[in-house]
């Protein structure tokens, strides 16, 4: 039985402690009703957006999105990722970057179809909410916000390191140690805090001005990247693309570790592409979503792929792969070369600009996720407030900016990096599943079980492939098992393609080659999830448990109150009909 209480004529589960306790007693019934209750595209565009009061201005064009995408993806990480991946793939790291770029493009296609037909600021949260329901959306969205916050805190601390490299000052001179704090949390970094708070002020002021700042910094960053690429080609030697420094101990050739090395390298460098997710959260501020979003998202991924491949070739020509430093490949390569030490400062300056652009784009994205989750009433609606003068989600931006700055102040970089990435890959996986579901689940009383069964079987098959790849010893039995598993996965997708017709083909812009494109994205995201270490899964388990508790003790009751007060006014039949209106 529901617990009504008066709060200005409405229902509130939080009007008093007694009422809240009574509300907790009906948690199971509320959970059963709200957890998988879907929103509709029309609601997200009207009723849900209205919660914010003032609206975000549509001021962005395709070139702004390309700039934001490049700024979000080409951060400082590539200066490190290339070194680790080169040790795994050798000179064929350029192929790894190409494969990873193709994978990112496939996932970006899934985002683009949703963003074109549902141009709201919620990104993956909104896409999953209109497909799988309230709790799956909150679970994935909240995990992604935590990834954003910790990643931004880590990146801001790395800014101190690269700034020190640029000016030839040791990082220890920028930080101070508090001996009373535990190890890993005792190096205070005030520079990182200043950077995060400064960017928070910028994104609160204006989205359009934020885009302009991003454009300027991205232009400088790309100029530095091209400079490093050109110097690498001029100084490098093409023989390093096939010969290691020590042929007796390391295999030779462009593919020294075969296909396994190429794909292991692709798994490592794929995380350098994940910044495009934040671009989809800007779709509510795009002037012409149908034309601008596909060009902006896909164009930025394509440009970044070319830049990454050129950097990979440059790095491979600079040094034999067995001499590349995994932690700082470009800086060390130039530092060890007579007369070229000054280029390390250029690398530091370029990486510093990359950090600032990736921070700005990621903080824009995290604020918009929090804003739309606030619109859904699953977290306090205070986060959904849009400032009337700036047309930005000031409350969400300020709250997450302060939270990020607090983490960046004292938490060690390695601790933070161990906690990121899994949430982002999980969201990519969920969006690809949601796209297939929305394309193939028909209007009417027909059950969705054929599509859900296919998604489950395909995910299990992909997981088995990943486990075989990671755990089985090298040899013919492993190759046979991988091949057999791949055949089964293709057969499952082919049967689904032939038996279950598409029910909802998009009118404006759609992902090509359904269901193959999102299927490849599902497989690759599961494969890459399998490449992450145990700390990532510990983090995912801890924060997932925390998210579930927040939903049980607050979110489900707040959304139930909103439902009782008429906020959710769409009937079940209308929900099923409008499920295909995107």
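Note that Cβ sites are derived from N, Cα and C of the backbone, with glycine treated the same way.
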Could you check which of 21-41, 126-146 is flagged in TrEMBL as transmembrane segment?
126-146
Which range is it, out of 373-391, 392-410, that shows up in TrEMBL as transmembrane segment?
392-410
Name the residue range among 322-340, 512-530 that TrEMBL annotates as transmembrane segment.
512-530
Where else in the chain does the transmembrane segment (449-468) make close Cβ contacts, counting only residues six or more beyond its ends and a cut-off under 8 Å?
433, 436-437, 440-441, 478, 481-482, 485-486, 488-489, 492-493, 496, 499-500, 519, 522-523, 526-527, 529-530
Looking only at the recorded stretches 213-234, 392-410, 512-530, which one has the largest tally of CB-CB distances under 8 Å to the transmembrane segment (94-114)?
512-530
The DSSP breakdown of the domain 'Cationic amino acid transporter C-terminal' (509-559) into helix, strand and coil residues is 40 helix, 0 strand, 11 coil
Proximity verdict for the transmembrane segment (254-274) and the transmembrane segment (295-319), three or more C-beta pairs under 8 Å:
yes
